[in-house]
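Over in TrEMBL, the protein carries these features:
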- 20-154: domain 'Pectinesterase inhibitor' (DOMAIN)
- 1-22: signal peptide (SIGNAL)
Amino acid sequence: MENKGLFFLLLLIFCYMKNSNGDQIDDICKKNLDPNLCANSLRKDPKGSSDDFKGLANTILNQCLNNAKENLGQVQKLAPNKCQQICIQQYNLCINTYIPNSVTQLRSDQFTQAIGSILQSGDRALTCEDSCGQSQLSQKNNDFAHLVLVSADVLKTKLQ
């Protein structure tokens, strides 16, 4: 009988912890530009439900990094031209500079700087888009820029 009581107590604690983290994601995402994308992105990582704010923010920044890498892969498949060269340069800046800077700044509690860095990566995707005009990259560039804005909104919640 004593084991049942202990099991029930542990079950209650687990449920409370799971719900409080779910509430954290809901709190972070409720005022976001795209609450559904925000919540889905933060819940994508299986261990994300137990993360603190920095862990959750890191999750969405890593999704930006992975998205930028996927887009770069698509750009590299294009026929060589000026548009391709510009896009390769711009996505390399995202992957090697702006997104890693944002992650480092997040870890150092430099939230304003982290927001600036991640927004710079969105600007790079739009520079790629501007150089190509309407192309097969348009949707990918715009989706990446949108994810960046959602990520910046996640970081902004720490400033409020």
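In case you wondered, yes, glycine gets a Cβ from its N, Cα and C as well.
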Within the domain 'Pectinesterase inhibitor' (20-154) only, compute the mean pLDDT.
93
Secondary structure content, the domain 'Pectinesterase inhibitor' (20-154) (per DSSP, counts of residues):
111 helix, 0 strand, 24 coil
